[in-house]
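Record features, source TrEMBL:
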- 64-178: domain 'Pentatricopeptide repeat-containing protein-mitochondrial' (DOMAIN)
- 87-121: repeat 'PPR' (REPEAT)
- 122-156: repeat 'PPR' (REPEAT)
- 192-226: repeat 'PPR' (REPEAT)
- 227-261: repeat 'PPR' (REPEAT)
- 262-296: repeat 'PPR' (REPEAT)
- 297-331: repeat 'PPR' (REPEAT)
- 332-366: repeat 'PPR' (REPEAT)
Amino acid sequence: MRRWKPALSPHYKTKRHERVVAESCALESFKLKLGADPEPGADSFVSLLTDSFRAYDSAPTPAAQKEGLLLVRDVLLRSPELNIRIEESTFRVLVRALCRIGKVGSAIELMRLMPLHECEPDAKMYSLVLRTICKELGSAEAVDFLEEMRSVGFVPSVPEGNAVIGALVRDGKVNDAYFVLNQMIFDGRRPDVGSYNMVLSGFSSKGNFKEVDELFDEMLLTGTVPDKFTYNTYIDGLCKRGDFERAGRMVECMGRVGCNPNIETYNILIAGYVRVSEIRKAREVMNEVREKGIRWNSHTFRVLIDGLCLEGRVMEAYHLFVEMLREGCDLGPSSFDRLICGLCEKGLFSEAIQVLMEMVGRSYAPDAS
């Protein structure tokens, strides 16, 4: 059996810029050879594969390089017909390159071809392809590939499991993500705080607060230490249920365990109070934040200004807007529109014009409706 691996001579590499045009033009010639009748013999095949690999290596633009790489794949897929063995290192290089340009389907094709050349994909190759599937294809394909990894004896690592969990949560398949989390534990892996955070966030966004409670407790029982994102997700779930007493206790707990609340923690409380029209409570939280030396951010102002406008307290909202400008924060186009409309409804046209001028100065387009 003939063996082949790419070999680019130093002379070729140093003179590469002189051959770019010639190699690019040769791509069309290579395509014609692939479809020729009779097809290339073994010697012609080796020459063709070497030339196509060079065309990929010297392509002058990313688009041309992508075209050359796909040509290498097409040539390589013909190798079993000619009884030519390809080196494992060649597969490794090409699979990595195909994943880099997002052609994960082609990368999988080459992986399927490897056993015919007496070599097998290794754990690194499976990991790379799995992460690319999560990014380029979707959760269903990722789960299938994860099971394939297990079937050939590879136990997915925590980062690999997290990639699949992330894809499932993005697709709204939170129960499936939770299953993958438990499968990681069954496989002898220890999910990290990021694993739990993704599933917690997914359950919370769907309003599955019972599952949020159970998973948070499960996380603590496994000895996984929550971080700020974990606490913020849990507190957000409590606020959405209207359980502000427990939410407040959880904020206090954060400080006691050395995971001090940040502005996002308090923004969650403020938004929760605004949702139930408890503007006074929201203002109290804002004052507490300032007393702790934590600066309000754009989201803090935006949430409370929106709440004040919805309550019809537009002059308070306007004064808060002026304070926001002094702090160097931004309101966002929809909140600008809401404040302008509220001021106009109250006949406060001078203030509305000032807000409008600030909005236009920030290159936001007012809502014509």
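Glycine residues also receive a Cβ, built from the backbone N, Cα and C atoms like all the rest.
Remember, predicted model here, so these are calculated numbers, not experimental data.
Within the same chain, residues 158, 161-162, 165-166, 168-169, 172, 174, 177-178, 181, 184-185, 233-234, 236-238, 240-241, 259 sit at least 6 positions outside the repeat 'PPR' (192-226) and bring their C-beta atoms closer than 8 Å to a C-beta of that stretch. Long-range contacts of the repeat 'PPR' (262-296) within its own chain (CB-CB distance under 8 A, at least 6 residues past either end) are made by residues 228, 231-232, 235-236, 239-240, 242, 244, 247-248, 251, 254, 303-304, 306-308, 310-311, 313, 327, 329.
Counting only same-chain residues 6+ beyond the ends of the repeat 'PPR' (122-156), those with a CB under 8 A from a CB of the stretch are 91-92, 95-96, 99, 102, 104-105, 107-108, 111, 163-164, 166-168, 170-171, 173, 176, 180, 184, 187-189. Sorting each residue of the domain 'Pentatricopeptide repeat-containing protein-mitochondrial' (64-178) by its DSSP state yields 89 helix, 3 strand, 23 coil.
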